Amino acid sequence: MKATPRRLSVAPMMDWTDRHCRSLHRSISRHTWLYTEMVTTGALLHGDVARHLAFTPEEAPVALQLGGSEPEDLAKSARLGENWGYDEINLNCGCPSERVQRGAFGACLMNEPALVADCVKAMRDAVSIPVTVKHRIGVDAVEDYAFVRDFVGTVAEAGCEVFIVHARNAILKGLSPKENREIPPLKYDYAYRLKQDFPDLEILINGGITTLDEVETHLQHVDGVMLGREAYHNPFVLAEVDARFYGAAGPAPTREEIEDRLIAYCIDEVARGNYLGAIVRHALGLYRGVHGARGWRRVLSDSKRLARGDVAAIFAEARAHLSAPFETRFEPASAENF
């Protein structure tokens, strides 16, 4: 397998992986590769660039995911991303939502590999940082491995060297984005076969992966693994990533240490006029599986408390619900939903 800084990454997720979410994840893992939410070329070229692209140096490394299908617009947007300090530009070829389809990008681009190749070439010509593609294994009823193999082959000829494979088909009609993440069956072997057929490419796998033991298994077949919803709902899953996958020395952070970092971050952000609830919503799964976690979440979800913005008092009240000792070891995710 290829040596890569993307050995473990957190997926770009709309409405979730904003800068507050990324700051939380970075406080848990120094090396996990992080992604923005998808940002459309229209939003960057005709909107508030700072609102979409501003991030802190502490979040790095961070990749910017773009949504679009016009090579020139993508090149301009990629250049903006590089100028703002992002470490990678990723093209979204996997989102199946109707809104994205109306914009003629996302998963429907898999039906136009030559256009994707043109987009990749335009971006590569515009920036010096890596340009990558995140995609599905098929579209609608197309389930033949040759479809994704030919897609990757065509785009690779344009110079793309990193492919993030969400190992499900995208159903463009009849399923919601949520259903598209759950109903189409996972076919991890398609990602494995891509690595076999394109050994010089960097192949990452994504979809339905929930534990670090599963990550270990996938890394026997591909170069990297991308966690999605599990990392959001159970951020403590990242606690041992640095030691297990990047060879980092020292103990993994405890939940209490992570919470202390979160409190300090919240105090700074509230002082800048940011709403506390927009920050802590990303941390509600920190104590998943710990006795008293429900009470902790309830306090941090109370809009009246959050509106007051008294960070220290709110977290002190939340912590009072946690009667179990703080752990120092990684706790595998349970099947419960928080």
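Cβ atoms here come from the backbone N, Cα and C positions, even for glycine.
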- [ ] Given that TrEMBL annotates PRO12, MET13, MET14, GLN65, LYS134, ASN206, GLY207, GLY208, GLY228, ARG229 as FMN-binding, name the residue from HIS166, HIS282, HIS291 that shares the site.
- [x] HIS166
- [ ] Quick one: pull the CA-CA distance for ASN92 (site 'Interacts with tRNA') versus MET14 (FMN binding site), whole Å only.
- [x] 12
Open item on the list: I'm checking region-level scores; what's the whole-number mean pLDDT for the domain 'DUS-like FMN-binding' (10-307)?
Closed with: 96
TODO: Spatially speaking, which of the recorded positions CYS95, LYS178, ARG181, ARG297 is closest to GLY208 (FMN binding site)? Use C-alpha to C-alpha, please.
DONE: ARG181
Open item on the list: So if I measure Cβ to Cβ from ARG181 (site 'Interacts with tRNA') and keep only same-chain residues at least 6 apart in sequence, which ones fall under 8 Å?
Closed with: ARG168, GLY207, GLY228, ARG229
Task: Diameter of the FMN binding set by C-alpha atoms, the set being PRO12, MET13, MET14, GLN65, LYS134, HIS166, ASN206, GLY207, GLY208, GLY228, ARG229, in angstrom - done: 20
- [ ] Measuring C-alpha to C-alpha, could you say which of the recorded positions LYS134, ASN206, ARG294, ARG297 are within 10 Å of CYS95 (active site, proton donor)?
- [x] LYS134
